[in-house]
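Visitor: One structure coming up, written as structure tokens, with questions to follow.
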Amino acid sequence: MTDYLIKGASVLGGEPRDVLLREGLIADGSSSGAEVVDADGLVMLPGLVDLHTHLREPGREDAETVETGTRAAAMGGFTAVHAMANTEPVADTAGVVEQVWRLGTEAGYCDVQPVGAVTVGLAGERLAELGAMADSAARVRVFSDDGKCVSDPVLMRRALEYVKAFDGVVAQHAQEPRLTEDAQMNEGELSGRLGLRGWPAVAEESIIARDCLLAAHVGSRLHVCHVSTAGSVEIVRWAKSKGWPVTAEVCPHHLLLTDELAASYDPIFKVNPPLRSATDVEALRAGLADGTIDVVATDHAPHPHEDKDCEWQAAAFGMLGLETALSIVQTTMVDAGLLDWAGVAERMSTTPARIGRLAGQGRPLEVGEPANVVLYDPSVSRVVDASELASLSRNTPYAGMELPGRVVATFLRGRPTVLDGKLC
Amino acid sequence: MKKHLLSAADLSRDDAELVLATAEELRSLADRPIKKLPALRGRTVVNLFFEDSTRTRISFEAAAKRLSADVINFSAKGSSLSKGESLKDTALTLEAMGADAVVVRHWASGAPHLLAHAGWARSSVVNAGDGTHEHPTQALLDAFTMTRHLGSLDGRRVAIVGDVLHSRVARSNALLLTTLGAEVTLVAPPTLLPYGVEGWGVETSYDLDAVLPKADVLMMLRVQRERMNAAFFPSVREYSRRYGVDARRMATLQDHTIVMHPGPMIRGMEISADVADSERSVIVEQVTNGVAVRMAVLYLLLGGSQPAIGGDDA
């Protein structure tokens, strides 16, 4: 195994120093024989961990596969992703989660940690065999019906209680189904004008409030997926002020884009939860800065061209996120003075790894720790070209947009998955 | 005018007045024995209907034919539930057939916008009703009808009553009539007004009786009975009592006030038979005017000041 001496990296944005990667670990001592990587001007962060990724395999290999999705992840600086359960078949058995986990290991671009479905077939009717998934080779700890809400309060309560037995967490897609039937975009003045059915903030906030109360009542860990409204931030802040075991994530697109984009009727901007108002964007940034929102998660959602090249109402929800996440966080948080690089490391690596109970990820950049690192150049900028993405799909909302920063290298346990900005 | 007519917001006041003036000239054609002009000879107009609407299609068909255009009716079945051929492939087909204008009716809000801007086809696109978004030629024919009865719409008060939430007619009228200087009041139970309607720059009211004596135009909108199943209102009877117009309410209108309805009407629900058939009712005239206004729109989008032959902007 090749050793790497990373020279002059600004670790977490601090003073430049050399870091030696040897035998899969961050090491000290002699660097003789190590390949030198010039990291002058580059920021070193622990390998990023995504709590919310759709890899689409099995079932929708026309949109993404574990291999293409993890290549995209590596290009985005990730060393671990949580693969959501809404595949075909649904990841609601030990068999499916082990398949996804094995595919990830074989691909080798980053750790793939499957998320297990909370309910059988995501149908919201009865619990999936959560314990079997937890005990499987995939060692599932995060359970989610993402894409659908566990809306039945009794089922949600039981799920929260049940996963305590193996230190699991339920990641809720907070969307009250009756309030969002056929919903197409954020409910606001614009949805009324455009004649697109509204997805009101209250449909998210009411479920979050309920689930926070349930989590407190039964003493279980709750994780709230893709928080998108100012009200949701307030509710999570309130729950945390009570000391309740609640964590929350925000997606990069919700930190940057607003519902005004729907006026184009271009479904590239159709996503669930929908893009919200500028006020919501401000509140999400503030919430991420002050720690109310614990992590940034991509909700990377690949779709084939034909599912986006159609009427808004007929189009699929979701957008790509892995390869642009760090750039969006730089532009919305770091460059805006809301977060330093240490804060980015915490919200995109340390904390998501802790929530997902990933032992070897999100560790400090210290001697003896696993060599999961990313080198990032914040000084350059690029115009996003959808055709250049490693993902199999092309549905990025940022095409043609100039974004700061570039992932120069990603190391997974000392082995480069990306070097000189290219996949290895 | 712009190349497409997708929203009533696409029309400046000058544009709208030009359409209305052109329609006035073209309307006289209806009284002639030979109802045909050569203006769009050799041009192809496609009526692309993803949703059934016999009256709107016939109106556009008559308009195009009276201008000597070739008309192709393309009924594309399929709904949001059962997807048929994609909008893109349909557009590519029409482009290959050399359509100059595509008149599109679609169940999805924004479909005409997509057709105009996705780069699939070069033809002009006329929105003939998209989802719950807009129906700009209906608004133009409504404004045309109002103008014929009331003259300038400056300062005129128009009450639009009914299911505003689901109405593309209301959206287009609110935009166009405001452009033309009218004061629009949307009247509906709060459940049937769109979220955020305060930002539309029009008045709203929940009280029909308070609005009637001040209105110069009373425009009734269709209300589907099924809406009560989704709790928009408790019953047909209660809806009619609060928001339907009958002889008693009609008696509170000013003498010159006209009553309109885009059709199809549900007599006994939003409008009683004696109102629909009264002297004030211009509902049948709206249909006649629809042809003239659609002729004007097609003429201005396709021919306009340019010669009908050799004016292709491609």
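A Cβ is built for glycine as well, from the same backbone N, Cα and C atoms used for every other residue.
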Visitor: Name the residue, out of A:HIS223, A:HIS226, A:HIS253, that TrEMBL lists for the same Zn(2+) 2 site as A:ASP146, A:HIS173, please.
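Guide: Of A:HIS223, A:HIS226, A:HIS253, A:HIS226 joins A:ASP146, A:HIS173 in the Zn(2+) 2 site that TrEMBL records.
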Visitor: Using only what TrEMBL says about Zn(2+) 1 binding by A:HIS52, A:HIS54, A:ASP146, identify which of A:ASP294, A:ASP299, A:ASP307, A:ASP309 is listed for that site too.
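Guide: Same Zn(2+) 1 site in TrEMBL: A:ASP299.
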Visitor: Pick the one from A:HIS303, A:HIS305 that TrEMBL also lists for the substrate site with A:HIS54, A:LEU55, A:ARG56, A:ASN86, A:ASN272, A:PHE317, A:GLY318.
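Guide: Record check against TrEMBL: substrate site with A:HIS54, A:LEU55, A:ARG56, A:ASN86, A:ASN272, A:PHE317, A:GLY318, extra candidate from A:HIS303, A:HIS305 is A:HIS303.
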Visitor: Using a 10 angstroms cut-off on Cβ to Cβ distances, just flag whichever of A:HIS52, A:HIS173 is the loneliest among these binding-site residues.
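Guide: Among the binding-site residues A:HIS52, A:HIS173, the lowest count of other Cβ atoms within 10 Å belongs to A:HIS173.
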Visitor: For Zn(2+) 2, what surrounds A:ASP146, A:HIS173, A:HIS226 with a Cβ no more than 8 Å from their Cβ centroid?
Guide: A:HIS52, A:MET84, A:SER144, A:GLY147, A:ALA171, A:GLN172, A:ALA174, A:GLN175, A:CYS225, A:ASN272, A:PRO273, A:ASP299
Visitor: Around the Zn(2+) 1 site recorded as A:HIS52, A:HIS54, A:ASP146, A:ASP299, what other same-chain residues have a C-beta within 8 angstroms of the site's C-beta center?
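Guide: Once A:HIS52, A:HIS54, A:ASP146, A:ASP299 are set aside, the remaining close residues are A:THR53, A:MET84, A:GLY147, A:CYS225, A:HIS226, A:ALA297, A:THR298, A:HIS300, A:ALA301.
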Visitor: Taking the Cβ of A:HIS54 (Zn(2+) 1 binding site) as the centre, count every other Cβ atom within 10 Å, in any protein chain shown.
Guide: 27
Visitor: I need the CA-to-CA distance for A:ASP146 (Zn(2+) 1 binding site) versus A:HIS226 (Zn(2+) 2 binding site), whole Å please.
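Guide: Pair distance, Cα basis, whole Å: 10 Å.
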Visitor: By a simple count, how many Cβ atoms lie within 10 Å of the Cβ of A:ASP146 (Zn(2+) 1 binding site), its own Cβ left out?
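Guide: A count of 26.
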